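Input: a single structure, listed below in structure tokens.
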């Protein structure tokens with residue numbers, strides 16, 4: 001195979017794009033930015049992303065997809081009030097919105113029309129921040145080689161958030177207006193207003209910290225799920241198994257946290273060795289059991305009552 005000989009490219013992410021191929025002859029352009037959907041290989045040639053995402057990549061995308069859903073549910077519960085019968089329906093609506101947004105995002109991603117994506121393998125943290133590695137050969141002129149080396153893990157999250165926002169604005173206001181009869185006019189749309197704040201925050205978080213989240217999200221899930229479970233159980237004054245079983249809502253919250261525990265454990269282990277990693281899932285109920293066995297020593301109800309009285 002005949003390949004034109006040119007000087008090697010500078011920088012980590014500058015590559016040569018294939019301009020012409022005729023049989024065994026390949027002609028490449030000058031060093032520069034690779035087209036979308038391609039990244040440089042070890043020989044500094046741009047090659048298409050043709051691999052399938054790994055399990056860890058799907059778990060990361062699942063985590064980023066869960067963030068708006070969890071925030072939706074939190075603010076719906078926060079503003080709906082204890083006696084509102086519309087909260088459950090709003091929870092289901094939020095789940096529907098995020099699910100449809102995820103399906104549409106997969107369908108419009110390459111290859112278009114199928115629930116499958118092709119991707120480039122994440123090799124190191126710098127793959128997420130190629131804009132920081134544009135070379136300056138003469139310390140004056142900068143060669144701009146910024147491209148999505150982790151295609152499509154970076155941009156697909158923005159597309160998903162956009163669809164979530166559009167679907168929410170199309171569906172939620174009409175539904176809330178009809179079903180949230182138990183709430184005042186000023187309270188009906190507060191969960192929607194909250195989403196208009198947290199979606200830009202999530203977008204900036206992905207834009208700035210996407211690479212850091214990619215490596216840290218399993219530990220974030222474990223820590224936050226442990227903290228929120230402990231806070232919920234203490235705020236609900238759950239001190240024994242009977243307090244936990246007396247209401248279905250408490251069981252739903254408990255099982256939801258267990259799912260998050262399992263998600264975090266699977267993300268950390270990556271299930272590389274199935275026979276060794278699956279037994280770790282037996283640790284999922286441990287935090288809740290530890291809390292119930294030690295609640296009698298801390299008496300969270302007494303702490304809450306003293307806090308309410310200002311002591």
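Glycine is no exception: its Cβ is also placed from the backbone N, Cα and C atoms.
Looking up the ranges 20-38, 39-57, 58-76 in TrEMBL, the one annotated as transmembrane segment turns out to be 58-76. Against the transmembrane segment (219-238), stretch 250-266 has more CB pairs under 8 A than any other of 88-108, 192-213, 250-266, 278-295.
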